[in-house]
Amino acid sequence: MQTSTSSFLRLSIIFFIALLFLITLSWRFPTKSNQFLDCSGAGSKPSLRRLHDKRLESERAKTQLTKPDPLKETPRHPLDPLTYQEILRVSSILSTYSYPGFHPSFPPIHSLSLYEPDKSFVLGWKKGHPIPRKASVIALHSGQAHELLVDLDSDCVEVHSVIHSSGYPMLTMEDILAVTRVPFTSAEFKESVTARGLSLADISCISPSPGWYGPDEEGRRIVKVQCGSSEGTANFYMRPLEGLVVTVDVDRQEIVKITDEGRGIPIPGGTGTDYRYSAQDRPVEMDPVNPISMEQPKGPSFKIEDGHTVRWANWRFHLKADQRAGIIISQATVRDSETGEPRSVLYKGYPSELFVPYMDPDDGWYYKTYMDAGEYGIGALTFSLVPLNDCPRHSYYMDGVFVSSDGKPFVQSNIICVFERYAGDISWRHSDSSVKGVELIREARPKVTLVARTAASVGNYDYIFDWEFQTDGLIRVEVSLSGMLMVKGTPLTNTKDVQQEDAMTGPLVSENVIGVVHDHFINYYLDMDIDDLNNSFVKVHLEKQETEPGTTPRKSYLKAKRYVAKTENDAKIKLKLYDPSEFHVVNPSRKSRLGNPTGYKVVPGGTAASLLDLQDPPQIRGAFTNNQIWVTPYNRTEQWAGGLLVYQSRGDDTLAVWSNRDRPIENKDIVLWYTLGFHHIPCQEDFPIMPTVSSSFDLKPVNFFERNPILRAAPNFDKDLPFCTLSNLP
Ligand SMILES: [Cu+2]
């Protein structure tokens, strides 16, 4: 008995070890990719195939989900971005352009993109009509920004002007790469690195912009290069050489100043900082989550027409990548649920600027007040999205065709994805047992949406930009943050050693690492065109009413009162929880059958306001954060909330400056600017890479439709859904 018990125990132990080995193997070596879920209904359930919707099948056959070849693409819509071939032509026109100082070679190009035709032309344009093509070029010559308008139909430079506002255009990719090499030419820098016990071969650097702080650093483009140790880790951001800041003249490629004040601060250790899957030495302590994805046995329901026009359910819009804005949505129209009429909602929407001030006045930190769109370009900092992880199965991927400083085009592939999302949510529902003569009612509709996404890696930080379209007419605009914190080295390894909490500019997030408190603000340009160009902005203010004593048991109630904004000052909105309003953009000329003006409202989600002093230099530049909402009359030169030139600018060409004119905005073509904000007080979970944090705002129909536009939408039925089996690819 004893013998058989011990052999049973032995067998159990061997079995357990074998099982452990297999689990480890399966974790280290994931399932081969040639195994997949077959949801076609083929095989074990052939009868399900008959249930396929023939209409959708034939629609799919017409869908051009094959990506066009970016090298051969031709423009097919007036808002299509410049093609690869067009950029080559612009480059060739500029190479022979005669202007003092522009020879023998054209000066470095900092921006080259489509000069969109006038709105009136675009709105009147029909497929088959001619498409005028012009390029807007910003070049930098002897510290002066020049703007040129190149006509591709006549092969000539049509307009050439010097930009007089302060600041410089976006850094080029060549600028960014070149400046990080400059510190390595300095003996002082090299000595500081080796004095900290590090090898130069392990030093990786980034090129933070300097902001603007008065005349000392004016008159030349500079970058404040900072470095970290990548010894044994890909995450050098968590191992800063604190206090070592190399100020580099970008154009001369030489060092202006080296500040070296942190030699006594230890370099934080590299252990546990690497975030790559391949660098992990053990699995996460949790029960395994099985592979998961959304199956679409009939394929996606959206179409991409002519390379850039997205059609899905009741939505239609133009979608493109942009070197500065990242992603641009244009001419978004929603079909009327009653009449089928396509109705205009948004002429153009995109992230117009970011503002990321860090809250640390130290010498190595005060200037960290980034404006990433205007300083670097959101699109310029995108990488190809990762299928199955950045975007789900059945996504369509779109390229960006961008321009390097020598005017040559290059393709940034797969930087936008479009996909349908079903997250198990509900579009509308009701259950009821109190209806006479009717059995129990249980009605619910699944919420399926369409998402257009891009993601940018701005040095350490990652921003994910989503536009999500719902069939009930709502557009959700979401920004998600991930990537690495910008951290500060410290001798501290435990909070018990903190002598002066006031001296800390953020919490300790790891040994020798402070996560400095900071904000993120993302401003959206939203050219709303509700049913036509001329709209009004209406503040629907909730006001407390006090009742007459003795007339009702109630003492108070709320009333919604409408205030139509006459001028820009009426539409500068600071959000207040205890003084609430709704913010409507309406078309006063188009009324619903009940007489309400058709409209959309902007619905803020979780957000944050800037608390910096209004006269603080970064706040002057990022003054678009002084209000959460602004409304301006449409003006094609006012596109970027932080100004056309942002790099080292003094904030003299911003939304706040334009809006000071207090122009009339009632019943006019208006643009709404909304700023989404985050206060970020870092915590240990943000180390070594941050779990994604998201926030959003909605554009939601208000009296736009006659009734719930998806009343007649069909529910899901079991018989229509796939039956999936695990099978192997040949
Ligand atoms: Cu942050």
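A Cβ is built for glycine as well, from the same backbone N, Cα and C atoms used for every other residue.
For Asp372, the entry in TrEMBL reads active site, proton acceptor. Residues or ranges marked as active site, schiff-base intermediate with substrate in TrEMBL: Tyr461. Per TrEMBL, compositional bias 'Basic and acidic residues' is recorded for 69-78. The domain 'Copper amine oxidase N2-terminal' annotation in TrEMBL covers 77-157. Under the heading domain 'Copper amine oxidase N3-terminal', TrEMBL lists 169-268. Per TrEMBL, domain 'Copper amine oxidase catalytic' is recorded for 293-710. According to TrEMBL, the feature 2',4',5'-topaquinone maps to Tyr461. As annotated by TrEMBL, region 'Disordered' applies to 48-78.
Here the Cα atom of the residue listed as 'active site, schiff-base intermediate with substrate' is found 11 Å from that of Asp372 (active site, proton acceptor). Of the listed active-site residues, namely Asp372, Tyr461, the sparsest CB environment within 10 A is found at Tyr461. If you look at the compositional bias 'Basic and acidic residues' (69-78), the same-chain residues 6 or more away from its ends with a CB under 8 A from one of its CBs are 84-86, 116-117, 121-122, 125, 131-133, 306-309, 318, 399, 401, 411, 413. Per DSSP, the secondary structure of the domain 'Copper amine oxidase N2-terminal' (77-157) breaks down as 18 helix, 24 strand, 39 coil.
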